[in-house]
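Q: One structure is given below, represented as structure tokens, and several questions about it will come after.
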Amino acid sequence: MTGDIRETKEWQLKDPMELFHSGQVVKICAPMVRYSKLAFRTLVRKYSCDLCYTPMIVAADFVRSAKARDSEFTTNKGDHPLIVQFAAKEAQVLCDAARIICPFADGIDLNCGCPQRWAISEGYGACLINKPELVKDMVRHVRSQIDNPKFSVSIKIRIHEDLKRTVDLCQKAEAAGVSWITVHGRSVEERHQPVHYDAIKTIKQSMSIPIVANGDIKTLKDAENVHHLTEADGIMVARGLLANPAMFAGYEETPFQCIQDWVDIALEHGTPFTCFHHHLMYMMEHITSKQEKKVFNVLSSTSAVLDYLNDHYGV
């Protein structure tokens with residue numbers, strides 16, 4: 001698929017698959033623990049982000065507990081297209097979670113990439129890349145039990161040392177009806193090593209469904225380079241968007257208007273102070289001096305943060 005990441009349109013589309021068939025590279029906000037919640041999704045959508053994921057939700061807890069559903073998932077009318085990411089290890093549990101979420105979201109994503117020890121020891125996340133038959137079964141189950149043909153079922157994976165195994169996993173998922181696959185171009189053991197973009201390209205060339213590239217994309221220039229290196233249909237960004245939520249709109253660092261927008265959105269959504277403050281710390285990382293960081297990062301209330309922003313930046 002060809003497309004310039006810089007070109008943006010006002011998407012009126014609620015079906016994520018239409019994005020992938022639009023001829024443009026799809027710009028995606030990654031699932032980030034604690035961070036990719038409704039308020040932040042609202043912010044990045046203002047700045048040319050096409051598709052947003054929720055943080056990972058453990059499907060079994062979500063199905064079992066109304067309290068978990070209320071605390072883990074919030075959305076609103078403007079929060080589309082939206083993908084809810086689940087950690088699951090049983091097909092029926094994933095189906096039950098998908099059925100609950102179906103009226104409120106545009107698709108689900110099965111996490112097959114989280115390398116954290118707790119996830120792997122529970123049978124979630126990256127250990128699933130070694131269970132291609134289980135992944136295939138889970139995708140097929142959701143496909144057969146959700147009536148809405150536009151509801152997407154995707155997976156997010158890491159790669160194997162032996163790339164043939166990754167290609168085999170992807171082909172099995174494709175045969176089961178997966179909508180697209182996001183590939184983080186590192187193995188489970190790799191943390192800060194360079195991303196294997198060549199591996200993502202190999203996977204892309206082996207598949208006929210959309211492939212999304214993920215890993216170490218910090219700027220719009222990085223996104224464009226990764227698109228050219230991998231030929232991926234979409235680019236998923238995590239920390240790059242935390243540092244600069246306006247990245248996809250072409251800004252090289254967070255503009256003050258974006259900081260103002262975050263303050264307005266966060267206050268409107270009743271965002272807890274720690275989350276509100278952390279997002280600002282990320283956004284202002286490159287625009288504040290060491291001395292300013294020392295002061296700003298230890299502020300301990302919303303009013304103190306608002307006063308600081310007003311006094312120093314007129315926000």
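Using the three backbone atoms N, Cα and C, a Cβ is placed for every residue, glycine included.
So TrEMBL says this about it:
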{"type": "ACT_SITE", "residues": "CYS114", "note": "active site, proton donor"}
{"type": "BINDING", "residues": "PRO31, MET32, VAL33, GLN85, HIS184, ALA238, ARG239", "note": "FMN binding site"}
{"type": "DOMAIN", "residues": "29-292", "note": "domain 'DUS-like FMN-binding'"}
Q: Going along the chain, which residues six or more apart from CYS114 (active site, proton donor) have their CB under 8 A from its CB?
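A: Listed in sequence order, they are MET56, ALA87, ILE120, TYR124, GLY125, ALA126.
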Q: Quick one: among the binding-site residues HIS184, ARG239, which has the most Cβ atoms sitting within 10 Å of its own Cβ?
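A: Ranked by Cβ atoms within 10 Å, first place goes to HIS184.
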Q: Around ALA238 (FMN binding site), how many other CB atoms lie within 10 A of its CB?
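A: There are 21 such Cβ atoms around ALA238 (FMN binding site).
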Q: On the Cα atoms of PRO31, MET32, VAL33, GLN85, HIS184, ALA238, ARG239, which are listed as binding FMN, what is the maximum pairwise distance in Å?
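A: Value for the max Cα separation, rounded to a whole number: 17 Å.
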Q: Tell me, how many other CB atoms lie within 10 A of the CB of VAL33 (FMN binding site), whichever protein chain they belong to?
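A: Its Cβ shell of radius 10 Å holds 9 other Cβ atoms.
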Q: Over the domain 'DUS-like FMN-binding' (29-292), what does the predicted model average in pLDDT?
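A: For the domain 'DUS-like FMN-binding' (29-292), the model's average pLDDT rounds to 97.
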Q: Report, as a single number, how many Cβ atoms besides its own are within 10 Å of the Cβ of MET32 (FMN binding site).
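A: Counting Cβ neighbours of MET32 (FMN binding site) within 10 Å gives 19.
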Q: Neighbour count, 10 Å Cβ-Cβ cut-off, for GLN85 (FMN binding site): what number do you get?
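A: Other Cβ atoms within 10 Å of GLN85 (FMN binding site): 25.
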Q: Among all the protein chains here, how many other CB atoms are within 10 A of the CB of PRO31 (FMN binding site)?
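A: I get 25 for this one.
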